[in-house]
Amino acid sequence: MFYHLLYPLHEWFGPFNVFRYITFRALYATLTAGLLVFFLMPPYIAYLRRRQFGQVIREEGPKEHLRKAGTPTMGGVVLIAAIVLSVLLWGNLTNPYLWLAVGTLVTFGFIGFLDDYRKISRGRNLGLRAREKLAFQALLAVGLWYCLFQKIGFDTTLTFPFFKDLRPELGLLYLPFIYLVVVGTSNAMNLTDGLDGLAIVPFTVVSAVYAVLSYVAGHVKFAHYLQVPYIPGVGELTVFCGAMVGAGLGFLWYNAHPAEIFMGDVGSLGLGAALGAVAVMVKQELLLVLAGGIFVAEAVSVILQVAYFKLTGGKRIFRMAPLHHHFELSGWPENKVVVRFWILAVICGILALSTLKLR
């Protein structure tokens, strides 16, 4: 909004020229989203407490978690609202990539909202059935593919970290690949969101990484110098990623141990899908495996646990999956698990950015 209202006036008032710069607008999108979450969350928490919209705890989980029963959930509603409002204020609203990112965030968040609401209304940790959830997510992934490749004319090449000349053409295989990236990231973040503050810091780190990658991919000189695909217009996603960073930091204020609120599926599914969509649009999908290493480890631990359990007739690799519960049941205090995962998330983010020069 500010870009469209104030930048055209720069000939009469020179300082308004600053609105043309993506970096300026991304920084203020970060600040705006963070402040919105910080100030809107307390009344929202109070509202959820009055309505008794509290978290339902798994009975088979660690016993220490039972004390968290009733903690307000669905904090992702404020997160998503803050990100969208910040983007509307600071983004170039004629940019199609920006709208695709916002659309992915909101629609996947709506699936999570339905899941959360069903759990709360039933008073049990049973929301949408897995098939229902995956069907909705598949439909939305197809919609993203259609908009990118049929409307915008996106190419279907795949970029590999470390290998600048390895760019295979996927063609129609890009559709299931998009599904894997977007839906996989969405559900992986959902699995990670099991301890106070555990998911939001890796999410914020990955958002910051992709803010840099978006800016580079949308800047012809930087893209050429760093030998990454140049995608005109995709740099505007820097504003979107900045808003996600700010919202994540604002939410951590209330989600740090002991958490005053949880993001719920509305937050984890929406935010995770948004990260996956950004990775697709900047053509750094495979780098998400490294940047989001915590999410990958959590998801893989569940896949391995389920597969091994079925193959061996009831045996387990981990004490409990996802991986953070394994460490809890091994005697690690919750805070230690969370902080160590944060450290690993930062390391993964640094390694991901280092690949820009390692080609």
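A Cβ is built for glycine as well, from the same backbone N, Cα and C atoms used for every other residue.
Annotated Mg(2+) binding site per TrEMBL: Asn190, Asp265, in sequence order. Non-local contacts of Asn190 (Mg(2+) binding site) by the CB criterion (under 8 A, 6+ apart in sequence, same chain) comprise Gly112, Asp265, Ser268, Leu269, Gly272.
TrEMBL lists 26-48 (among others) with the feature transmembrane segment.
Long-range Cβ contacts of the transmembrane segment (69-91) within its own chain (Cβ-Cβ under 8 Å, at least 6 residues beyond either end) map to 1-3, 25-26, 28-30, 32-34, 36-37, 40-41, 44-45, 48-49, 52-57, 98, 102, 105-106, 109, 112-113, 116-117, 120, 236, 239-240, 243-244, 246-248, 250-251, 254-255, 259-268, 270-271. Taken from TrEMBL, the feature transmembrane segment applies to 69-91 (among others).
For the transmembrane segment (97-114), the list of distant contacts is 74, 76-77, 80, 83-84, 87, 91, 127-128, 133, 136-137, 140, 143-144, 147-148, 152, 182, 186, 190, 233-234, 236-237, 239-240, 264-274, 276-278, 281: same-chain residues at least six beyond its ends, Cβ to Cβ under 8 Å. What TrEMBL lists as transmembrane segment is 97-114 (among others).
Long-range contacts of the transmembrane segment (134-152) within the same chain, counting only residues at least 6 positions beyond its ends with a Cβ under 8 Å from a Cβ of the stretch, are 96-97, 100, 103-104, 107-108, 111, 128, 174-175, 178-179, 182-183, 186-187, 273, 277, 280-281. As annotated by TrEMBL, transmembrane segment applies to 134-152 (among others).
Among residues of the same chain six or more beyond the transmembrane segment (172-191), those with a C-beta under 8 A of the stretch's C-beta atoms are 104, 108, 112, 134, 137-138, 140-142, 144-145, 148-149, 156, 158, 199, 203, 265, 268-273, 275-277, 279-280, 285, 288, 292, 295-296, 298-299, 302, 322. As annotated by TrEMBL, transmembrane segment applies to 172-191 (among others).
Here TrEMBL flags 198-217 (among others) as transmembrane segment. A Cβ distance under 8 Å defines the sequence-distant neighbours of the transmembrane segment (198-217), meaning residues of its chain 6+ beyond its ends; these are 22-23, 26, 189, 192, 223, 226, 228-231, 234-238, 240-242, 244-245, 248-249, 251-252, 255, 263, 268, 271-272, 275, 278-279, 281-284, 287-288, 291-292, 294-295, 324, 337-338, 341-342, 345-346, 348-349, 352-353, 356.
Residues 22-23, 25-27, 29-38, 41-42, 45, 75, 78-79, 82-83, 86-87, 90-92, 97-98, 101-102, 197, 200-201, 203-204, 207-208, 210-211, 214-215, 218, 260-261, 263, 267, 271, 274-275, 278, 281-282 of the same chain lie 6+ residues outside the transmembrane segment (237-254) yet bring a C-beta within less than 8 angstroms of a C-beta in it. Residues or ranges marked as transmembrane segment in TrEMBL: 237-254 (among others).
Annotated transmembrane segment per TrEMBL: 288-309 (among others), in sequence order.
Per TrEMBL, transmembrane segment is recorded for 337-356 (among others).
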